[in-house]
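Residues or ranges marked as region 'Disordered' in Swiss-Prot: 1-34, 361-474, 570-631. For 132-184, the entry in Swiss-Prot reads repeat 'Kelch 1'. The feature repeat 'Kelch 2' is assigned by Swiss-Prot to 186-242. The repeat 'Kelch 3' annotation in Swiss-Prot covers 244-293. Marked as compositional bias 'Low complexity' by Swiss-Prot: 363-376, 570-596. Annotation comment: Swiss-Prot describes 416-426, 455-469 as compositional bias 'Polar residues'.
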């Protein structure tokens with residue numbers, strides 16, 4: 001014990017000595033050292049010591065929604081700077097719109113939250129109290145008899161879709177309604193829905209219901225009124241003070257309206273004002289813009305078949321009788337086409353419309369690639385589905401000519417005739433033993449054309465209704481392989497630049513069994529698969545159709561151009577290609593299979609015959625097509641895709657000079673993603689939000705969500 005106590009005393013003495021040394025060191029450090037103090041001061045600076053210009057520039061990168069609100073609570077200086085940043089954000093965006101100096105941002109899968117269902121003809125508005133965009137109803141392209149009555153909220157701070165499960169009296173499922181903001185309420189009016197499929201021949205149903213939704217209470221309420229407008233859809237509405245002004249709309253049975261109705265939002269009573277002078281033609285689908293508290297602008301609309309309007313009218317709401325005033329539209333040739341299905345939104349002294357680009361052949365916006373995705377730059381790899389695809393897979397409608405490499409067209413079938421060998425010319429595929437490459441999942445059908453001096457006499461086949469179409473998520477390339485591609489979305493049918501999709505005008509066909517020679521054939525001839533398991537795609541052993549007619553030379557020329565486009569990408573791409581049409585066994589332009597069959601090999605080179613070459617955009621892009629933000633796929637599907645462009649209407653001289661003027665832009669930044677119609681455009685804080693819409697089937701674009709796309713338009717930095 002004594003030894004232990006001695007050791008403890010020694011340890012205490014050592015600790016005391018260490019403390020004494022430390023105290024001496026601290027005493028020495030307390031002596032002033034000007035150099036050390038300056039160094040310490042330089043490394044301990046805070047953001048408050050930064051120049052306000054630098055701090056303001058840093059704060060400008062914050063989101064104009066919740067992040068601005070949070071930053072303003074830091075201190076008085078930040079509160080003052082945030083107010084200036086918000087002012088610059090708003091006015092900078094207005095200036096960018098006037099000059100066409102904008103940038104596009106796309107939100108594609110995967111993004112946070114539950115994905116909203118694809119839809120068009122929906123209603124949307126911006127609610128600033130919770131910094132969200134609300135979307136109600138609409139209908140979907142996949143089910144023509146279905147409409148929605150769901151309500152969705154897009155949190156513009158987190159870009160997350162949220163579905164409020166509200167209580168109260170829900171509206172009916174409908175599309176074509178209007179949704180406006182009044183104080184702390186969202187007011188929903190009108191709309192229509194398709195009838196149920198049974199019994200047949202029922203008319204569409206139109207609504208005159210008024211519902212209000214309270215975001216704070218999460219409650220729907222039905223408002224009962226009397227002596228109001230007839231049931232309508234496709235009308236326009238806006239709120240001025242405590243009045244909701246409604247104009248036009250479709251009444252059903254091909255009837256349009258040009259009446260003006262006013263709803264008192266305090267008393268919930270309808271009235272119809274007296275209006276003097278000429279009035280606009282009855283219409284629906286127009287845009288209604290508030291100029292000031294006593295003036296409303298009506299733009300475009302549709303009055304029925306072959307009655308599309310591009311005019312502009314002012315409604316003066318004076319104390320006396322209201323009056324209509326037609327406006328002169330300048331630079332109408334540079335204006336937005338089809339104003340009836342592309343809504344307008346006011347930004348400062350301009351009205352913005354997103355519609356089809358004038359030429360319809362302009363490349364998609366390069367500004368979509370200007371910044372990485374804010375959600376996920378490298379999305380997780382998606383595993384392709386492994387289920388079997390049977391022959392009843394949906395086949396492209398015969399009346400829809402595909403968009404192939406920038407051109408529209410179909411291959412017309414060739415007439416049959418019996419050959420001495422007993423095989424048919426013009427049948428879906430050759431007799432057993434002929435080597436015929438598969439083109440987009442089908443084989444090649446006979447035809448002749450001159451390519452570089454050689455004749456074309458290879459079998460050519462198109463996809464018939466009895467032949468399985470390409471399963472979703474598969475890359476349709478020229479060759480015998482239909483392997484699924486990693487990272488492709490399950491609901492995509494990928495068509496890269498150079499791939500071909502053939503349509504035929506089918507005629508009554510005779511029974512044959514042309515696919516027997518192709519069921520168990522692979523490129524190397526070393527693998528054998530049963531018909532239902534070949535490359536994961538079911539190939540029916542019996543195809544009971546034979547085509548009559550001749551192959552279009554123009555379509556064959558386009559097919560050859562597609563082969564050259566793919567072969568120009570390098571040896572790896574050329575190895576997967578089918579050989580050129582018309583080669584015979586043992587010829588220089590053929591490759592022998594292990595089974596003794598021969599298929600031609602493509603010979604890359606300049607375009608021949610008609611002098612066509614690769615499209616200019618393909619030559620300019622070379623081996624590096626533009627990439628989308630998230631999926632990493634080319635932004636365009638073919639050169640004939642219709643991009644969406646921003647059109648700007650100057651309205652500053654509306655009241656004084658009675659005219660509006662379309663601006664002319666030379667910048668490519670106004671050209672954006674593929675065109676959609678019947679979408680919604682909502683103005684947020686320093687940005688425009690475009691959601692949903694109906695995409696043209698003939699655009700053949702596979703890398704964008706078809707009708708639930710979400711785009712943001714902001715000022716370019």
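Each Cβ is built from the backbone N, Cα and C atoms, and glycine gets one as well.
Since the structure is predicted, the reported quantities are computational estimates derived from the model, not experimental observations.
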Over the repeat 'Kelch 3' (244-293), what is the model's average pLDDT?
94
Per DSSP, how many helix, strand and coil residues does the repeat 'Kelch 3' (244-293) have?
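Split by secondary structure, the repeat 'Kelch 3' (244-293) comes out as 0 helix, 32 strand, 18 coil.
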With DSSP helix as H/G/I and strand as E/B, how many residues of the repeat 'Kelch 2' (186-242) fall in helix, strand and coil?
0 helix, 26 strand, 31 coil
If you run through the repeat 'Kelch 1' (132-184) with DSSP, how many residues end up as helix, strand and coil?
0 helix, 23 strand, 30 coil
